[in-house]
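Data block below; observations after.
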Amino acid sequence: MISAGTAGSVIAARLSENPAFSVLVIEAGSSNQNILAAEVPFLGSSLSPNTAVTWNYTTTPQIGLNNRSIPYPRGYVLGGSSTINFEIWTRGSIDDYNRFADVTCDPGWSWDEMFHYMKKSEHLVPPTDNRSVFGEVDPSIHGKKGPVQVSLGGFVSGMDRRVIDTTRELDCEFPYNVDMNSGYPLGLGWVQNSVSSKGFRSSSATSYLAPAMERDNLDVLIQTRVTKLVAVSQENGVPTFGQVEVAQTATGPRLLFNATKEVILSGGTINTPQLLQLSGVGDSALLASLNITTILNLGDVGKNLSDHPFLANHWLVNSTSTFEKVGRNATLTADLLAQWNATGTGLFSDPGANQIGWKRLPPNSSIFQQYPDPSAGPASAHYELLPVNGFVSFVESTPATGFFMSVVTNVASPLSRGSVTLASSDPFDNPIINPALLESPFDIYVMVEAIKSAKRFVEAPAWKGYIIQALGALNSTTDADLAEYARNSTSTVFHPVGTARMTSYSNQDGVVNPDLLVKVSSGLRIVDASVLPYIPAAHPQACVYALAERAADLIKAAWS
């Protein structure tokens with residue numbers, strides 16, 4: 001199988017439970033071991049972009065971002081993006097999954113059927129501060145024995161109390177939600193993270209792959225890139241895939257590995273369509289332009305790319321206890337790291353955001369007169385609010401002086417769709433990535449409404465005497481000026497999905513069938529976020545784990 005990312009590590013672990021299966025995992029990146037920032041939750045933001053554990057991709061100039069190109073981090077390491085992400089654990093809404101079931105005509109992808117897999121993947125554990133979390137999470141809807149440890153933030157600040165006070169003071173607009181992982185995420189409450197009770201990141205590499213590597217029937221080959229999927233036969237236009245070609249350098253020798261049952265592709269939303277196209281699976285016109293022989297003409301490969309636009313909005317605050325104190329004080333940083341090393345507690349055991357909010361536009365919003373609602377249904381959010389006790393941004397550096405609060409706004413149900421296409425036939429060239437961020441007028445409308453919602457949020461009585469002023473263009477008062485501010489300051493929270501989308505068996509569009517086998521072919525299955533036909537209104541890692549758990553059962557059943 002190809003890639004030990006979020007989904008791939010799940011598949012490797014679950015399939016190797018059967019001693020009759022022999023599993024080889026080929027991972028392009030390095031080991032996740034002995035990378036301090038991949039262990040310490042608070043240091044996760046230092047893992048991207050442009051580090052040794054990311055692919056270091058850059059987008060095309062984005063029309064919706066005033067033609068800016070932005071970094072596009074993807075994990076290049078065991079665990080994939082679960083090793084470098086910000087650890088937020090949100091499942092999405094009941095409507096997200098029911099829409100998956102509707103468009104695939106497979107009720108197995110519905111919320112009710114997938115709920116078992118959501119619980120199977122996780123183990124709800126106490127936060128690192130061991131406080132009572134009564135009223136902050138609903139344990140009854142969570143797994144108790146799964147591999148990924150999930151917990152609430154273990155370092156509660158005064159800002160967190162102001163956030164929760166706001167849900168009482170402005171309860172009509174920001175109602176409290178005890179657990180948004182119930183399938184009904186709307187409202188604001190405590191965020192869950194993939195962090196262990198001992199204060200370590202819980203990734204697919206640590207939670208699934210590492211324990212499974214004790215088995216004799218699982219081999220993991222790192223720092224090796226799959227350069228081509230090889231069809232071993234073709235009959236009546238239906239190719240059978242049974243080999244993969246690999247190389248460790250662009251000029252090094254090419255080797256072949258044989259699959260006795262099937263090839264499982266878990267490269268992720270960027271690398272999966274890239275490898276398909278390199279192998280002759282995709283739009284025949286695109287392939288011909290690069291002198292690649294078409295093995296399977298599937299025009300949707302690389303299309304339908306969907307991602308969440310990310311905008312950090314900043315306020316100067318009357319505090320000296322924000323994250324800025326860490327970045328400016330080497331002694332404090334050393335003390336916090338020593339505390340984490342000794343006890344797994346303190347600020348460094350916390351990813352950094354302890355609450356999260358999900359909101360919808362009012363149903364009478366003027367934008368719905370021009371565009372259909374792209375959300376999955378009334379339980380799904382149009383946008384996200386994420387309060388953070390400090391200055392966070394992928395676009396700006398933290399100011400040298402002052403203390404800050406951020407409220408991140410993300411478009412949770414975007415209408416824009418982008419693409420991943422080959423730049424050349426060389427597997428060591430980066431693909432052309434166009435996530436089309438804020439390209440649709442619907443998405444920029446939602447982002448402006450989200451900004452205005454964030455501004456109303458900090459006007460609650462809880463923030464009196466704390467908020468000093470908004471920074472820069474956030475002070476704009478017209479929608480047009482706020483839209484321009486958004487275009488100049490938005491980046492990505494790197495949640496791409498959809499480039500090998502799943503459709504029903506009878507639908508000739510799409511890339512995979514509901515069993516995740518590639519259409520009009522044999523021996524090739526895709527298990528990663530690229531198969532999701534729509535982006536969930538959530539940080540998608542929990543959804544991907546659940547998807548992979550179901551896929552493992554489908555594969556086991558196919559070969560039992």
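The backbone N, Cα and C atoms fix where each Cβ goes, glycine too.
Here is what TrEMBL records for this protein:
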BINDING   VAL77, VAL226, PRO540, GLN541  FAD binding site
DOMAIN    268-282  domain 'Glucose-methanol-choline oxidoreductase N-terminal'
ACT_SITE  HIS495  active site, proton donor
ACT_SITE  HIS539  active site, proton acceptor
*Let me know the model's mean pLDDT on the domain 'Glucose-methanol-choline oxidoreductase N-terminal' (268-282).*
98
*Counting each residue once, how many in the domain 'Glucose-methanol-choline oxidoreductase N-terminal' (268-282) are helix, strand and coil under DSSP?*
11 helix, 2 strand, 2 coil
*Determine, to the nearest whole angstrom, how far the Cα atom of HIS495 (active site, proton donor) is from the Cα atom of PRO540 (FAD binding site).*
7
_Counting Cβ atoms within 10 Å of each candidate's own Cβ, which of the binding-site residues VAL77, VAL226 comes out highest?_
VAL77
*Within 10 Å of the Cβ of HIS495 (active site, proton donor), how many other Cβ atoms can you find? Include all protein chains, please.*
25
*Where the record says VAL77, VAL226, PRO540, GLN541 bind FAD, what is the longest distance in Å from one Cα to another among those residues?*
25
_I'm trying to understand the geometry here, so how far is the Cα atom of VAL77 (FAD binding site) from the Cα atom of the residue listed as 'active site, proton acceptor', in Å to the nearest whole number?_
20
*Measure from the Cβ of GLN541 (FAD binding site) and count the other Cβ atoms within 10 Å, all protein chains considered.*
27
*Work out how many Å separate the residue listed as 'active site, proton acceptor' and VAL226 (FAD binding site) at their Cα atoms, rounded off.*
28
*Counting only residues 6+ apart in the same chain, whose Cβ is under 8 Å from the Cβ of PRO540 (FAD binding site)?*
GLY92, HIS495, VAL497, ALA529, LEU532
